[in-house]
Amino acid sequence: MTGPPKALKLEQSHGKGSVRVARVWRGSDGRHSFAEWSVSVSLISDCLSAYISGDNSSIVATDTMKNTVYVKAKECTEITSVEEFAILLGRHFTSSYPQVTAATIKIVEKPWERILVDGLPHTHGFKLGSERHTTDVTMYKHGGLRITSGIEGLALLKTTMSGFEGFVRDQYTILPETRERILATEVTASWRYTFDSLSMVPGKPYCFTERYVNVKKVLVDTFFGPLKEGVYSPSVQNTLYLMAEAVLKRFSDVASVQLKMPNIHFLPVNLSSKDNPSIVKFQDDVYLPTDQPHGTIEATISRPVSKM
């Protein structure tokens, strides 16, 4: 195959985004399980001729990718996590097409939760929850693997045990220092597994679903602290670091954690005027949720790389 002119460099991939698929699993006991996914497929393949000379003979059509998602979902006869489904799709695309050298599968799972009726779980009833389970899996033809899982939309708030003091002050700073404020955020978290080949992936059913639930619990528990006394947060930065550190300490198969935590502001309300500087003092129990830009804190914390 003739490559691009020497003066040019071509890096390419093609794929299908936002393929929506829902899967119902019907148990022999009459209990149903349900999952709704938005699946995106991206293929890296040897198809330079399509770009250079208009020869499409090596292109896997995006229609094929979409239909493959539906077929493979149908073939999942057992309840399947987003990670397992992404691995399954990655294996299919890299093994079925000689020209495909790598496949990246991204999935966002909509948070349908089983509903309770009179305190008991309904056999086939579900309600929409909040935070979403995500995964980003890259599969290489030679067997290499990269798995990242995550959470989107994890909204957390505590009404005390938070402050912000000692920050840089200059002529543009009007923010007062405080040791008593509401701390609210919407966590976006992702964690990369140490598995770098299919042989390293645990064969235990539901292992990724269990890890997702447990990582979320560690993040939430670290944010809030003990049940009654809580834990003081001197900054979102410190809380973010402690949350990521706790995940790395707890789970040896997690190589790194990335957290994004916007600081959602609730400002204490006090009514005053020029003639009466303090008409009503609310003592920090009435707040104004603000629409002003949130401060966003983001960091990736990784395990040290061992030296050979």
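Using the three backbone atoms N, Cα and C, a Cβ is placed for every residue, glycine included.
What you see is a predicted model, and the numbers here were worked out from it, not measured in a lab.
Here's what TrEMBL has on this protein:
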type	residues	note
ACT_SITE	LYS16	active site, charge relay system
ACT_SITE	THR62	active site, charge relay system
ACT_SITE	HIS265	active site, charge relay system
BINDING	THR62, ASP63, PHE164, ARG181, VAL236, GLN237, ASN263	urate binding site
BINDING	THR62, ASP63, PHE164, ARG181, VAL236, GLN237, ASN263	5-hydroxyisourate binding site
BINDING	THR62, ASN263	O2 binding site
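Known features from TrEMBL, placed on the structure.
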residue : record                           : Cβ contacts under 8 Å, 6 or more apart
LYS16   : active site, charge relay system : SER40, VAL41, THR62, MET65, LYS66
ASP63   : urate binding site               : none
PHE164  : urate binding site               : LEU175, GLU177, THR178, ARG181, PRO234, SER235
VAL236  : urate binding site               : LEU183, THR185, MET261, ASN263, GLY295, ILE297
GLN237  : urate binding site               : ILE297, ALA299
HIS265  : active site, charge relay system : ALA184, PRO289, THR290, GLN292, HIS294
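Neighbour density around each Cβ, counted as other Cβ atoms within 10 Å, peaks among the recorded positions THR62, ARG181, ASN263 at ARG181. Taking every pair among THR62, ASP63, PHE164, ARG181, VAL236, GLN237, ASN263, the residues recorded as binding 5-hydroxyisourate, the greatest CA to CA distance is 52 Å.
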